[in-house]
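Chemist: Copied straight from TrEMBL:
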- 76-292: domain 'YjeF N-terminal' (DOMAIN)
- Asn126, Asn127, Gly128, Gly129, Asp130, Gly195, Phe196, Ser197, Phe198, His199, Gly200, Ser201, Asp233: (6S)-NADPHX binding site (BINDING)
- Asn127, Asp191, Ser236: K(+) binding site (BINDING)
Amino acid sequence: MSCLLSQTLLPSSAANSVCNFKPTHSLIAPHHLLLPRLLGLRPKIEFWGSVRGMATKMDSIQQNPEAISYLNQKEAAEIDEILMGPLGFSVDQLMELAGLSVAAAIAEVYRPSEYSRVLTICGPGNNGGDGLVAARHLYHFGYKPFICYPKRTAKPLYDGLVTQLESLSVPFLSLEDLPKDLSDSFDILVDAMFGFSFHGSPRPPFDDLIQRLVALKINGDTHQKSPAIISIDIPSGWHVEEGDLSGEGIKPDMLVSLTAPKLCAKRFSGSHHFLGGRFVPPSIRNKFNLQLPAYPGTSMCVRIGKPPKIDISSLRENYISPALLEEEVVADPFDQFQKWFDDAMASGLKEPNAMALSTTGKDGKPSSRIVLLKGFDEDGFVWYTNYEGRKGQQIAENPHAALLFYWDDLNRQVRIEGPVQKVSDEESEQYFHSRPRGSQIGAIVSQQSTVIPGRHVLLDEYKQLEAKYSDGSVIPKPKYWGGYRLKPEMFEFWQGQKSRLHDRLCYIPETVDGKTAWRIERLAP
């Protein structure tokens with residue numbers, strides 16, 4: 001039986017509170033992001049990070065494959081028996097979790113905008129079932145799946161999976177329907193033919209299908225883009241422990257191991273190795289002494305080892321977006337911003353109120369960092385910070401700044417420029433006391449941008465103040481802490497488009513009949 005494990009999702013328990021203060025548009029208030037800043041002619045890089053006690057995507061690319069357990073065939077089979085015996089899992093549960101884990105790993109690396117056409121080649125066993133489930137999830141992720149399932153298993157579980165895919169109008173292709181050269185019709189090929197329980201040599205028609213996948217890597221240089229090959233648990237035809245014995249087997253670009261990688265995975269030389277199997281209970285971990293990586297956030301999969309070296313100059317995204325047309329945007333840029341911000345909120349983006357703030361002091365040397373928008377209205381855009389930090393010093397010397405919002409999943413940017421002034425003390429006071437008490441104490445502890453000997457200094461002072469105000473008394477707002485408001489003199493709304501022909505609409509204020517209006521201009525990308 002194929003090792004079918006992946007992991008159930010644990011929803012984030014973190015909740016962001018909405019604060020009510022003067023600006024008419026209240027925004028969520030999570031932690032800051034990371035951004036380097038440049039100082040002077042020689043770059044000085046400042047690394048900023050937050051600690052949450054929780055794995056992040058960065059953790060997912062730092063796993064040491066040598067510190068991870070690998071299973072032999074007997075151990076993998078025994079784990080399946082325990083799961084479906086004493087631990088009460090059913091085959092369809094494990095298959096569902098495995099297929100979702102595979103689909104999540106594919107989506108982590110291959111975007112549907114570039115790799116939309118996915119052919120899943122399914123064998124007659126549980127590995128084929130994993131592939132059917134993965135194809136269904138890929139459909140809902142925005143891909144265009146196709147299925148080749150030449151030897152169907154006559155069991156209700158598999159019939160149900162086929163029915164589910166047919167209800168989505170996912171095409172099932174016979175062997176005769178498959179093009180001779182698979183690279184002409186597909187961007188991704190999912191190898192779901194045989195799992196770790198397979199013995200012997202592949203028989204027809206799978207021997208031919210395996211050779212087609214092998215030929216793609218031999219002849220791949222003749223094509224502009226060879227399809228990516230993804231193998232589930234082990235590459236079909238490999239020995240589960242010794243790997244590709246002949247040296248002429250499938251060489252997948254991605255391997256998605258399940259539960260724990262099998263011994264053959266040590267011989268995997270492709271670019272992307274992921275593990276799915278997050279719900280493995282402590283009893284199994286202890287019994288088999290499994291050393292498994294931490295999963296990032298709520299992810300279904302985790303990368304094993306570091307990603308391949310990338311030619312940075314080759315990184316590019318061909319954006320696919322609706323056109324941003326003059327006649328379709330709102331006349332008032334504040335209303336247009338609200339519309340786009342609502343879209344960012346609805347899309348589930350993390351911290352849609354995060355914005356890059358760029359300032360320049362009297363020396364003319366710019367610096368940028370991420371801050372959080374706390375509200376906006378016709379008077380401007382508001383954020384809060386330490387007035388004595390570097391940004392505060394630069395604003396005091398040059399009270400003009402630029403804001404940049406970047407909403408990646410929507411292919412959108414908004415740039416805003418204008419003069420800056422402090423908000424009223426009452427407004428700062430009201431917002432300060434709406435924050436969590438821990439954040440209030442943190443604002444007192446941090447003498448922002450000053451050099452300190454170590455993190456322990458912050459923690460020691462924090463504990464002292466935490467004890468001082470443990471009775472629930474009001475924590476006084478520091479005089480050096482408060483808000484700024486940027487009053488826009490320019491808005492630019494950017495929408496990414498194909499071939500770098502991006503849409504850029506700029507709002508410029510002008511006076512018409514004694515009243516301020518906004519003129520919309522299109523800028524070349």
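Count begins at 1; order follows the chain as displayed.
The backbone N, Cα and C atoms fix where each Cβ goes, glycine too.
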Chemist: Go through Phe196, Phe198, our binding-site residues, and report the one whose Cβ sees the most other Cβ atoms within 10 Å.
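Modeler: Sorting the candidates by Cβ neighbours within 10 Å, the top entry is Phe196.
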Chemist: How far is it from Asp130 ((6S)-NADPHX binding site) to Asp191 (K(+) binding site), counting Cα to Cα, in Å?
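Modeler: Spelling it out, the Cα of Asp130 ((6S)-NADPHX binding site) and the Cα of Asp191 (K(+) binding site) are 10 Å apart.
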Chemist: Write down the Cα-Cα distance for Asp233 ((6S)-NADPHX binding site) and Asn127 (K(+) binding site), rounded and given in Å.
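Modeler: Each residue's Cα considered, Asn127 (K(+) binding site) and Asp233 ((6S)-NADPHX binding site) end up 8 Å apart.
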Chemist: Could you name the residues, excluding Asn127, Asp191, Ser236, of the same chain that surround the K(+) site, i.e. Cβ within 8 Å of the Cβ centre of those residues, in sequence order?
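Modeler: Leaving out the recorded residues gives Ile121, Gly123, Gly128, Gly131, Ala192, Met193, Phe194, Gly195, Ser231, Ile232, Asp233, Ile234, Pro235.
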Chemist: How many whole Å apart are the CA atoms of Asp233 ((6S)-NADPHX binding site) and Asp191 (K(+) binding site)?
Modeler: 9
Chemist: Measure from the CA atom of Asp191 (K(+) binding site) to the CA atom of Gly128 ((6S)-NADPHX binding site) and give the result in Å, rounded to a whole number.
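Modeler: Computed Cα spacing between Gly128 ((6S)-NADPHX binding site) and Asp191 (K(+) binding site) is 9 Å.
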Chemist: Neighbour count, 10 Å Cβ-Cβ cut-off, for Asn127 (K(+) binding site): what number do you get?
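Modeler: Around Asn127 (K(+) binding site), other Cβ atoms within 10 Å: 29.
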Chemist: Taking only the Cα atoms, work out how far Gly200 ((6S)-NADPHX binding site) lies from Ser236 (K(+) binding site), in Å, as a whole number.
Modeler: 11
Chemist: Tell me, what is the mean pLDDT of the domain 'YjeF N-terminal' (76-292)?
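Modeler: Summarising the domain 'YjeF N-terminal' (76-292) by its mean pLDDT gives 92.
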Chemist: Taking only the Cα atoms, work out how far Asn126 ((6S)-NADPHX binding site) lies from Asp191 (K(+) binding site), in Å, as a whole number.
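Modeler: The separation of the Cα atoms works out to 13 Å.
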